[in-house]
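Asks: TrEMBL lists these features:
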{"type": "ACT_SITE", "residues": "Tyr28", "note": "active site, proton acceptor"}
{"type": "ACT_SITE", "residues": "His41", "note": "active site, proton donor"}
{"type": "SITE", "residues": "Lys53", "note": "site 'Transition state stabilizer'"}
{"type": "DOMAIN", "residues": "124-247", "note": "domain 'CRISPR associated protein Cas6 C-terminal'"}
Amino acid sequence: MRAGIEFTSESPIILPISYNHLIQAFIYQNIANYEIRQELHDTGYQVGKRRLKFFTFSKLNGRFELDKNLKQIKFYPPVMLKLSFYSDSKYDILSDIISNILKNNNLYIGENKVIVKTIAPENYNFTKNEYLIKMISPILLYRTEKKDSKYIRNYISPWDPEFKDLIHQNLKTKVNASGKEYSISDFTIIPMNPPNPGDGKIIGYKQFKVKAYFGTFRIKGDKQLLKLLYETGIGSGNSEGFGCFDVIG
């Protein structure tokens, strides 16, 4: 399930350049049911030691200015945020969030008071096995290595030979967590643009800095698997604001 939420404000919305954690906090704060909120935050969908939250969200979309000296981004309302949740969950979390924010007159993203202008459902019916997609939050994928008693993350670009194998490993974890039996063997994701260092963005999340990739891709695979990815995101860190995409063809 997905919805596009358009926010307005009486003044510009000022956020740190790396603001994903504030959007994630906004999502959790607006799950009205405390037990559901705690279960999603603390447990989610568990596979071994992995805990997947099975939701993702876009970057804010709207007119903005960057202030690199202050490390801030200033959005001029309205701005659009897309939220996407796994539809086969035992809880209808997205509906809970929408119901709550429509009743709440004190909504904040960070320290910015915002007002909901419009909410529109954006569910997509996957009738084919192949689509052109555009990332509306970047794909995050990495390999962890131990070096000098420390664990180092190596961030993988869509043009890296390891990208395919790591995507398939990530898919296997997601499918296992979903409890479904979707085929992943035929899944492919191909970047449509040539290698471009500008597509890789350094993004802060809390105390970490990660490298993730925007771009346009062609994906192919089982229709139900594609729906799962549409709702929960591609790659890693989905509930932290990575891997959300729109279908464009």
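Cβ from N, Cα, C; glycine included.
Predicted automatically and left uncurated, TrEMBL annotations should be read as such.
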Asks: Starting from the Cβ of Lys53 (site 'Transition state stabilizer'), draw a 10 Å sphere and report how many other Cβ atoms land inside it.
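Replies: Its Cβ has 22 other Cβ atoms within 10 Å.
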Asks: What's the number of neighbouring CB atoms sitting within 10 A of the CB on His41 (active site, proton donor)?
Replies: 14
Asks: Within the domain 'CRISPR associated protein Cas6 C-terminal' (124-247), what mean pLDDT does the predicted structure show?
Replies: 91
Asks: Taking the Cα atoms as reference points, how far is Tyr28 (active site, proton acceptor) from Lys53 (site 'Transition state stabilizer') in Å?
Replies: 11
Asks: For the domain 'CRISPR associated protein Cas6 C-terminal' (124-247), jot down how many residues DSSP puts in helix, in strand and in coil.
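Replies: Split into helix, strand and coil, the domain 'CRISPR associated protein Cas6 C-terminal' (124-247) gives 32 helix, 43 strand, 49 coil.
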